[in-house]
Amino acid sequence: MRLLLWAAATWLAVCAAAHPGRGAGGEQPLSRIAVERTVHAVDNAARVKASPLVLGLTGENTEWVDVEFFHPNPSGDDWIGVFSPADFSSAICEPENQRQYPPVLCTAPIKYQFANFKNDDYNKTGKGSLKLQLINQREDFSFALFSGGLLAPKLIAVSNKVAFVNPKAPVYPRLAQGKSWNEMTVTWTSGYDITEAVPFVEWGEKGGRQFLAPAGTLTFDKNSMCGAPARTVGWRHPGYIHTSYLKDLWPDSLYTYRLGHRLMNGTRIWSKSYSFKASPYPGQDSLQRVVIFGDMGKAEADGSNEFNNFQPGSLNTTYQIIRDLENIDMVVHIGDICYANGYLSQWDQFTAQVEPIASTVPYMIGSGNHERDWPGTGSFYGNLDSGGECGVPAQTMFYTPAENRAKFWYATDYGMFRFCIAHTEEDWRPGTEQYKFIEQCLSSVDRQKQPWLIFLAHRVLGYSSCAYYESEGTFEEPMGREALQELWQKYKVDLAFYGHVHSYERTCPVYQSQCVVNASNHYSGPFQATTHVVVGGAGASLSEFTTSKIQWSHFTDFDHGFVKLTAFNHSFLQFEYKKSRDGDVYDHFTISRDYRDILACSVDNCPRTTLAS
């Protein structure tokens, strides 16, 4: 069985090159388990024991648990599933039709690991142990031993329950830029409905007076999902998502905050304290640093949910950003956030993974195919990539300053930067609402104050030499740049970033598939054309490039990585591509340009003039 699974994974990895954003990189590991085929095969001689029983005694939201187990008839495809709530096997499962018996099990585990993982003698002795990492997810946990592999699970034994001391505690804050430059939003998750407790944030300048800010509360239910597995085995209640708006911030000031809930008896439940630096005033001349990537996904530090020899780039990317966090002011994650693909527990896992980053600097997201796409729901693409989520978890779990959060396109300013973030899972072509937004975002920026104009989207609306795009004969998302390249050129967009293709690529300054100037490590003087960058290699399985020589493709890297932009002032921008494995710079260039250079015209962006004086 393990050999068959390995062969299937190998086939998926090959097929990842056939379509960016899918294949092994887009597969949710929990989807490998045929939950609905589970049968009871309880063996009284088998046992599973988990310890410690109580987690988070000193306020931790992440803990390691020791799981010991014994199976009198072991095999190489036995596995341990982690379930939450703990009473997973007592749930009443509804049959899909009147002729079908209800399944024994109707919920997927939140993670799993094979019983012989680091237990070399398990197949002989039936004895084994695992160290598994749990996060606070509002419910208790149990651990179940299965035989029969992932495709024909047989439930053998279930452990005792373990739980966090306060499962409902406020956890995993996510900062985001508000709709104005001097507003920061804080979003977090808890187990408290508004009928149980009132959510708020205590915040203020570091060392100064602290204020209380109210928070709004959102959630969603199974009926908000558009299909399976989100409506079936992947469903898990997301908890309650709270957002507070911290307003009238002073530029570059350091603030502290903590999350709170006031229970109906007056008791207050607190998170630990966090801090952030407020955004600079738009146009402010100061050091400003932004990290950009796509398609990171999540991974497990304990090695669960993955094959034993698979090293996820996601954890490496997360680690490198945390390591450099003192030198980062904002993060932009352009789609394919966590690849939950309809298994709702994974959104908690992702927010826990990025908490050290998202609790400290604004974590801005875009939407990708694995957040939004589902047939018959208004997405531009009618595929099944969201696993039935159809955008609901993404737009609820993270705040974006969009006029309509379901549409997911928005502008955000940070000092000398203007970011225009598009939503490629809805139509962007001329005449659409999104096209009007893109032109308004690009045209409305004051380039004297914000000289660095950046366009971002999940799918590659510009240029990519990915093998899949070559097979389509497009070297782009079909209908991509044909609709938008005149806007990029007209409004002198410095850089355009994309995910979806799981690798790194930088073009020359290119327009109409021609290098307007040769690629370089330094550009100076008037704007010539937009440089396009694919930076979708933050964690998902990598995408192959074409073997053909492409004139506009300057630098490619088949590896995990991310980009860091540093604006030193209004005239000098530094671009660095870093590998996730070591954090070192493997591609870089700089732009030096004065305001008069921005005003100067080049190909297809010269304004009309008159001979009158």
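Every residue gets a Cβ built from N, Cα and C, even glycine.
Annotations in TrEMBL come from automatic prediction, not curation.
Quantities reported herein were computed from a predicted structural model and do not represent experimental measurements.
Taken straight from TrEMBL:
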- 48-166: domain 'Purple acid phosphatase Fn3-like' (DOMAIN)
- 173-277: domain 'Purple acid phosphatase N-terminal' (DOMAIN)
- 289-504: domain 'Calcineurin-like phosphoesterase' (DOMAIN)
- 529-588: domain 'Purple acid phosphatase C-terminal' (DOMAIN)
- 1-18: signal peptide (SIGNAL)
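The domain 'Purple acid phosphatase Fn3-like' (48-166) shares more Cβ pairs under 8 Å with 289-504 than with any other stretch in the list 173-277, 289-504, 529-588. Mean pLDDT of the predicted structure over the domain 'Calcineurin-like phosphoesterase' (289-504): 94. Across the domain 'Purple acid phosphatase C-terminal' (529-588), DSSP classifies residues as 0 helix, 33 strand, 27 coil. Counting residues per DSSP class in helix, strand and coil order gives 3 helix, 56 strand, 46 coil for the domain 'Purple acid phosphatase N-terminal' (173-277).
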